[in-house]
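Some features that TrEMBL has for this protein:
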DOMAIN    159-249  domain 'Ig-like'
TRANSMEM  7-31  transmembrane segment
TRANSMEM  263-283  transmembrane segment
């Protein structure tokens, strides 16, 4: 009796193993068949935003009833003899996820009801860093195997607007300018413009943020504040081919540290005011002293020893004028 149970158990395991092998063998055969054909399929570049869904459109434009459909991927750097991985699979009217690569589980979906109309599009619910630079092929097995579509998937995230800060140090001939930008994928580039010939743009510092899977970039620059130069920091995403920038005039940012420029202006204005006031007073004095009858002593009213001067003082109230 025990022998019979063991025999039945072995048969069951053997049948189950055979079923799995029968499911996997067509996949391996298909993969081996399409490896040599994959490079001949022209690819459409698709740029996905990091963390966002991306739709890989595939419309052969004809009605058909495929037995199997495979969405497969590989990296350009993968060895030629390496098997591409399976993103999604369709087998005789049902999804077949047994051979799906683990990194794509619960991230891919297809339009089952639209497959008979020739819509073989694949939706990836969230683009990840590991999806970047992936060649994705759609292979259809009916009577023969056909390479229907190829997509060259790139993943990108636009960097944030650069933040430019100036370190204002009183008495220094040069000031430090730091440009920093966060949130880019892949690794961005950073450049400066508006520099003098003797001022070179330093190599930037790039760091990777594993929590957000993005890069930060920073660059420090020393400039001479005795010149009114305007510098601009540019950060470029190489995949998107888009650039964002911030401009700054360091001398304006540190104007409060350099009040001597304004002091010269105020001193000049004050000197002009003093000269004008002196000229007005001198002119007024000359006019008053040019009236001889007011200082001639014709008025006999005062009885002092100097009646004319006393009268002049009472009227003119200017001792310097009446001493003449």
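The backbone N, Cα and C atoms fix where each Cβ goes, glycine too.
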Tally of residues which DSSP labels helix, strand or coil - the domain 'Ig-like' (159-249): 0 helix, 52 strand, 39 coil
Calculate the per-residue pLDDT averaged over the domain 'Ig-like' (159-249) and state the result as an integer. 89
